[in-house]
Each structure stands twice: as structure tokens, then as C-alpha cells.
Amino acid sequence: MQITWKEVLDELCLDEVAQKGTWSTKPTLGDQVKDSLRCSVPRLKHILLTWIPVLSWLPRYSIRENALGDLISGCSVGIMHLPQGMAYALLASLRPVYGLYTSLFPVLVYFIFGTSRHISIGTFAVISIMVGSVTERLAPDSNFIVNGTNGTETVDIDTRDAYRVQVACALTVLAGLFQILLGVVRFGFVVTYLSEPLIRGYTTGSACHVCVSQLKYLFGVSPSRFTGPLSLVYVSICSLLPQTQVPELVVSLVALAVLIVVKEINDCYRQKLPLPIPIELIVVIAATVITHFCDLPSKYNIDVVGEIPSGLKAPSAPDTTFFSSVIGDAFAVAIVGFAINISLGKTFGLKYGYKVDSNQELVAVGLSNTIGGFFHCYCVTSSLSRSLVQESTGGKTQVAGVISSIIVLITVLKIGPLFEDLPKAVLSTIVFVNLKGMFKQFMDVPLLWKTNKVDLLVWLVTFISTVVLNLDMGLAVAIAFSMLTFIFRTQLPRYSILGNLPGTELYLDTDTYKEVKEIPGIKIFRSSATIYYTNAEMFLDTLQEKSGIEIGKLLSAKKKRDAKQKRKQEKEKKKTKKEAKKQRNGTSVAFSMTETATDGLHKGQVNLAYQPDITMSDSDSDAGYDHITEFSGHGDEAKEQACDSGTHSIILDISTTSFVDTVTVKTLKNIFRDFGQVDLDICLAGCQACVVEQLEAADFFSASIPKTRLFITVHDAVLYILKKRGKADFVLVGHHEYSSHF
């Protein structure tokens, strides 16, 4: 006998009806299973469109509107990819051809999975120098020294370069896996901990490393390389200046001058030029032609790019044995690369009105790195210069990236060997010129000095730590310092006493706004930050200081008075008992004397000398009770001392508090308890719904702290207190009844 799904679902639904007796509006188990089956296809479609965004926009691609702009933009960016790819590969201590590979495969992957329409994925100076620091640390020249034919020691360049490629690919794949993992668990918000001053300070410090690393090509010298902290300080370029190769310096200066002049022309006339002048490609072609036909390598010992193999290499798996050595560097590269990518992507998304999903961007960049690592690419991110060109030349979608990849592919397959005589000094000048935007970030310093000195401190600490401690340790120090500034800002908030702005329902800081007036008898206290365990004690201390009520002294004085009163009462009680006993004894004596007198009358003898003084005991007794009454009249001294300034109520404005922890709950309970003991009313105003729920979960409310002490606004709390005190006629705007909606 076969049982169908429909019968199972119907049975599930009928069982629940039989148990409950009525149909429930809440979805039953059967309904949930039905819904999951019914929605499986739309849900699958939604998942595919979410994880593979190209499926959502490519079918709707408008050839008429977008094709021409993407074609021009793609050609322009592709032309930029060629010189930048080869130049930035030198920063990664790899051969230039690997920069071309990096400008090809990751771009195609991002086309499929990316959500930004305008950024250009590929090589970038900061990421390249981070990769270069790892490759040179794990594969230094000293590990590849071999004996030459004439007995001299030389570096086995081929073996060294092959080993460095393995290191770079392993680093790239691991960084990509980190990014994919963070994206899958929806951890894209991690980039929010990298503030803009931190990123700009870090990229500026990285630019200094890039600049120093390229000096050897400009001057034609071979300095010793150092890795780790203070590596930038140990670079011995200055000591090698006498060994400068003049021909290479001349080539560098000429190329640098041409690049700077033409790029300035591009900037000045970018509104009039249909396309920016591709000066980088022109310089590369011209330098290659001149070097080849003038035979500069043999005549003047000009250092050139060397062999560039044509065609593509077969994909290969990275060497996983390097993972343990590069795990820290991989995480740093993953975070920095994503931070640069998402900041640039969100800038364009905000400008053109489309959404850039940070989690999907993590996955897209991660897949670009992971898949690229199998195809001999190193880590990628978006480039500001190429992205601006892609946007300014009319690029509308990532189809422009595909077109740029086609140009790079043609170069790798057919044209690559033609650039074998390209001087490395020319590639270095291209790197130098493209650092202009990063060095212009030094202008942040005077701007931040005027606007926000804490952000200035973050910028300076990040820059100095990056320059001095190298890229990986510098980033760690920068993040730690940035988090400390956040902690100190929340731990040391600004506390204010609020007053009413006459004619309004607004309550503002009395120290900042002189025209506001405090409500007589009411202190309104506010913190500028969330109250939690690091600042809860300071909140209580500042509340006492601002309100002028030292609750500790008042409670101590109250305890002393209570103890003294108790001792007085006990003493008076004993005295009263003693007097009562004496009175009873006197009464018995009087009774016996009366009998004696009676007997004396009968006998004719009367003792007139003895007259019991009953009024004395009565006087003493009355005096004792009068004293008790007088002391009890001073029982409100605590209240009188607490209200010397006329304060009878305190309103805590906690509208800035977004959550409460156990320390906060305990602090608020203590405030209600201690201030209540000296007859001060405490009210809470501006509680967010989530905070009220957390207070309920923590059993904050009780008979001594009812929910009627909660108010939506400060003005509602003020009206409630005035009405309670019989001062409802106090002049305030908004004569609506107080209400507590919690």
C-alpha cells in the first residue's frame, strides 16, 4: 500500500485539529511542510539570484543603452590593466606576466558574482605590496644562492620566482577562503570596524612602502631587503646612491616627467576629452620600442622585464603546506582587500542609486581570489584609478570588465612576448604616478585637526604603525587603537542636566543652552551614550554630582539617626517602665498609708508629714513622651537634607541607551532603592521598546519599581510629577495628560 504526501499532510493537519478541537490560525506542521514544498522552486530561484547576481541583471541587459558605453569603458580599462598589471606584479615580487594573469581571471569571476557595476577588480598597489612582503619573507634571495661558473655566488632566479609564485598562490587561496567564509556567515559588517580615517591612514602608510620598494628600479641599485618591523628604516637606498645606474635614472626621469604632465592634462581637461589619454600604455610601448632598437640592455645594462611566456598556464592546486605560515597575512589581506573594495563599491552605488551587498561582495571577491589562486593569480581588490576611468568613460555594468579581460587575454596569448624589452624602471614610474592619490591623503591631517581630533589620532597612529611596524602588524595595531578610542568614547560620555526651552516641549542641556530653564524641584539627567558595565559606576557618580545629592552621605546619616533614635526610644522605654514601676510602688505605699491614716483616725492619730508626690512622676512621664514626639518630628531630616536645593524628583533620560546588561539593571535598581529611601521620586523617560523588553527579562519591575515610572518622553514625566505634586498649573507647553505606554 502506497501513502502519498497529500495523505500524510492531511493526516498531520487532522491530528492537530483533533487535539485542539478548533482550527488554529497559526500554521500547523502540515501547513509548513506544504509551504516548503510549494515554495521550493521560487525559493531556489531567489537563492540563485542572490548568490549569482549576474542572472538577475544580464537577461535584462539593454544593448541600446549600455553596449557602447561598456565597450569604450572596457577598452580604456583594459589598456590600463596592461601596464598596471605588469608594474604591480613587481610589487608582489613576481614576474610581470603574473600581473597580467591577475588582471584576467578574477575579473571574469567578479563579473558573475559581484554586485557593483562600476568598480574594476584586479591588481592594486597596497595589496601587491602586502603579498610582496610575504613572498620575500618566505622566499628571500639568500635561500637560493648557488655557485656560478666562475666560482661566484649568484641567485637562482628561476627557482626563486617559481617558489614565490607558490607562496603567493597559497596566500591568495587562503585569503579567498576567509572572505567566502565571512560572506557565507553574513559577517560583512566586520568592515565597519575599519573606519575611513583608519583605511586612509593605512593606505597612505602602504604607499610609503610601495614608494620605497620601487626606488631600486629607478636608481638601478640592488639594496638588501628586510622584512618585519622597522624594515622601512633599514632600507639602505641612500648608502647605495653612489652606485646609481645613470642610464636607468635617465629613463626613469624621462618616463616620470611624461607621465606626470599628461596625467595632469587628463585631469584638467577630463570634461572636454572623450577619453583620457592612455599615456601609461603609450609610455610602455615607446619605452619597449626604444629599448629594443637601441639595444639598451647590452649597451647600458638596463634591467628589463625579461621573458614573458605566451599562452595560459594550466591551473594547479596551491601548496597547502604554506597555509600555516601565511594564515595571519591571509586574514589581513582578506580584510584590507574587502575594505577597499566595499568602500569604493558603496561610493558608486550611492552615486547611481543601486544597492551593493557587503556580504555578497565578500563572497564575490573571495571567489575571485580562490579561483584565481588556482590559475596562478595573486590577491585582488578594486583599483580607484581604473574604477574612476571605467565610470567616467561611460561604463554602466560589469560587461566593461569582460571587455577589458578580452584585451588582457589577447595580450597574454599573442602580444605578451613583445614587451620582453620593457625596462623595469618604466613600470616603477607607472607605480609612482599612480600613488599620487594616496599621497594626497596627507591633506586629511589639517582637515581632521579642524573637525575631529580623535579621528586625526586614529589616522596618525595607523600611518605611523604601518610605516614603522610593517603592513600586517601595523594593521593590527591600528584596529586595536581604533577600538580603544571607541571604548573610551563610550566609557567617558557626556552627562547633562536638562532644562525646558520656554514655549516648547524640548529639554536641552543647561550648560550648552543658556536660555533653557530647569523645572523647579525636578532634575532631568541624561547620558550621551549607552549605559553598560564600563560606565555604569560613572553614571551613578555623575548623577549625584550633577544633582547635588550625595546619596552615600545621606544614607549614612540616615542610618546614624535611625540608630540614635532607636537607642533613645529604648532608653525612654526603659525610663517609662521604671517610672511606671515607681508609680505603682508609690500607689501601694499611699494605699498602705491611707489604711494607716484610717486606723489613726479611728485611733485619733493622723500623719500629716507624708504626702506622696504623684505629680512629679506624671511630669516626668509627660516630659519623656514629649521628647519622643519631638524626636519623631525630626524623622524627615534625610528628606530635608536631600531637598536642600528643592529637589524632590529625578528623571533619567535614557533615550540614548540601546541595550542594558546586568550591571545596568543592578545600577538602576540601586538608584530607585537608595534615592527612594530619602523620599526622592525616580522616573525613567525615553526607554526604547527593546530596552523595556530587556528590563522585563531581568525582573527589573516590581512593587517598588512599577511600570508607571516609565514614560515615553521627558515632557510626559515632567507633567506627571507636577500633577502629583499639585503643581499642574505650572506653565508648560503641551497640556496633554501624561501616559505610560509600556
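Any Cβ shown, glycine's included, is placed from N, Cα and C.
Feature annotations, courtesy of TrEMBL:
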type	residues	note
TRANSMEM	88-113	transmembrane segment
TRANSMEM	167-189	transmembrane segment
TRANSMEM	249-266	transmembrane segment
TRANSMEM	273-293	transmembrane segment
TRANSMEM	322-344	transmembrane segment
TRANSMEM	399-419	transmembrane segment
TRANSMEM	456-488	transmembrane segment
DOMAIN	512-721	domain 'STAS'
COMPBIAS	560-584	compositional bias 'Basic residues'
REGION	560-591	region 'Disordered'
Go through the chain and flag residues at least 6 beyond the ends of the transmembrane segment (167-189) whose CB is under 8 A from any CB in it; none is fine as an answer.
-> 92, 94, 98, 131, 134-135, 138-139, 318-320, 322-323, 326-327, 329-331, 333-334, 337-338, 342, 357-363, 365-374, 376-379
For the compositional bias 'Basic residues' (560-584), give the DSSP counts of helix residues, strand residues and coil residues.
-> 25 helix, 0 strand, 0 coil
Quick one: average pLDDT across the domain 'STAS' (512-721), no decimals.
-> 74
